[in-house]
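Below is one structure, written out as C-alpha cells, with a few remarks after it.
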Amino acid sequence: MSGSTGVGNVPRQQQTSGGRRGGSRGRRGGRRSREVFRASESQHPQQKDASDDQQDLKSPPPACTDFDVAYFEAYAHIGIHEEMIKDHVRTEAYRDAVMQHQSFIQGRVYAVDASAIAVQAKEVVKANNLAETVIVLHGRVEDVEIDEQVDVIISEWMGYTLLYESMLGSVITARDRWLKHGGLILPCAATLYLAPITHPDRYNDSIDFWRNVYGIDMSAMLPVAKQCAFEEPCVETITGENVLTWPHVVKHVDCYTIQLNELESVSTRYKFQSMMRAPLHGFAFWFDVEFSGPANSSIITPSQSPLIGLSDDDPVDDIPSKKRTNPNEPLVLSTAPEDPPTHWQQTLIYLYDPIEVEQDQIIEGSVTLSQSKENRRFMNIHLQYSSGGRSFVKESVFR
C-alpha cells in the first residue's frame, strides 16, 4: 500500500488520487500524492509561525468533487500500489532520501490517505508495532485536521507529464497549513522537460501496418488508425536514441514557493536544433525531482535558464538534464529516456504525419499544459510546432 508503505522506520504518508495511468493496467486508475508529515515534538500545538497570518489569507483549496471521489476510490485497488512499490527506481529514491534526511524524520508521523487503502495502511502500521508513532488519517489533506505544525512533508505527487492528476495542489495545501518555518519538503523541486523524438518502430506498428495486411491494401484505414493511435497522449518507454535534441525546460517547480494558481496553466516557447537527419514523429515529456534542503536545490531554475519564454531570436535549446555525479550532490529521481525506466515511463505526443528533418534543422513552437475545466485532474495539451517552413497545431486531452 503505497499510501502508507514503510520506508526505513518511517511509513510514508500519501494522499490518494485517481485518474488513468499507463503501464500494464492501461493508464492507471489513478495516481496519488502521499505525504508523510513528521511532527515536531517540541512544537506546541497552538504555536503559529510568523507567516501564518499571510497563509490565512490564501485562497481556499478546491472542494471535493464527484470526479475527486471517483479518483480516490480508484486508489483502493491494490494493483496500483503494487505497481508503484515495485518501481524500484522510485521506491529506492524515496528510501535514500528518507535515510539522507533522517535527522528531520523522527517522532510522530501523520500518514494521510484519501482512499480506502488507508484501512489496510492502519493494519500495516499495527503489524509493524508503530501504532504509537504513525497516525493514519483517512481523508483529503484539504479536509483532515492536524493540531500542530510539522517538520517534514514527504509526498509522491508526480503524475504523467509531472502535473497530470493535479496532486501537487495537495502538497501546497499541506505546506501552507502545517509546515513550520525551516521545515523540509521531499521532494523539494521538480523540472519538466520536452524534446522532439523520432520513433519509426512505433509508427510502423500502428500505422504502416495498414498499408498491406496479408496482401490486402487496407490503406483506407490510415486516417482512423492515426486518430486512434495518436489522438491522446501515449505513456511509453523510449530511449535516448529516440531523442533528436537536448531537452527544453518546460517548468521548474520549487515546492517551497509554488502557489496553486501557477498550476492552472503552464506555457513555454521552445526552439530546437536537430542533431540528426530523421523523421520527426512527435514530442516527449519527462521530469526529474530533487531531494534536498531548501538551500541546496540544484535543479535548473527559470532564472538560471535561457529556455523559458523564448522569443524568435533566442538560441536553441542545448542544456542537458541534471545528473548526480557524486554522493555529495542532491539526490535526483529521473524519468529521462537515458535513465533506468520507471512506471512513469515518458509521455509522448505523436504527430499524425511525421516530418522529415535534416541535421541542424530548427524545430520551434510553443506548448501549453492546462487543467481541464471539466475535471482539474485532466490535462489539456496545446502543442504548436513548425519546421521546414510548415506549421501545425496538435490538441490533446490527457484523461
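Placed from the backbone N, Cα and C atoms, the Cβ positions cover glycine too.
Curation plays no part in TrEMBL annotations; they are all automatic predictions.
Taken from TrEMBL, the feature compositional bias 'Basic residues' covers 22-31. The annotation domain 'Protein arginine N-methyltransferase' is assigned in TrEMBL to 189-300, 328-387. Look at TrEMBL and you will find 1-62, 303-338 tagged as region 'Disordered'.
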Q | Structural state census, the domain 'Protein arginine N-methyltransferase' (189-300) (DSSP three-state) | A | 30 helix, 45 strand, 37 coil
Q: By DSSP assignment, list the helix, strand and coil residue numbers for the domain 'Protein arginine N-methyltransferase' (328-387), in that order.
A: 0 helix, 35 strand, 25 coil
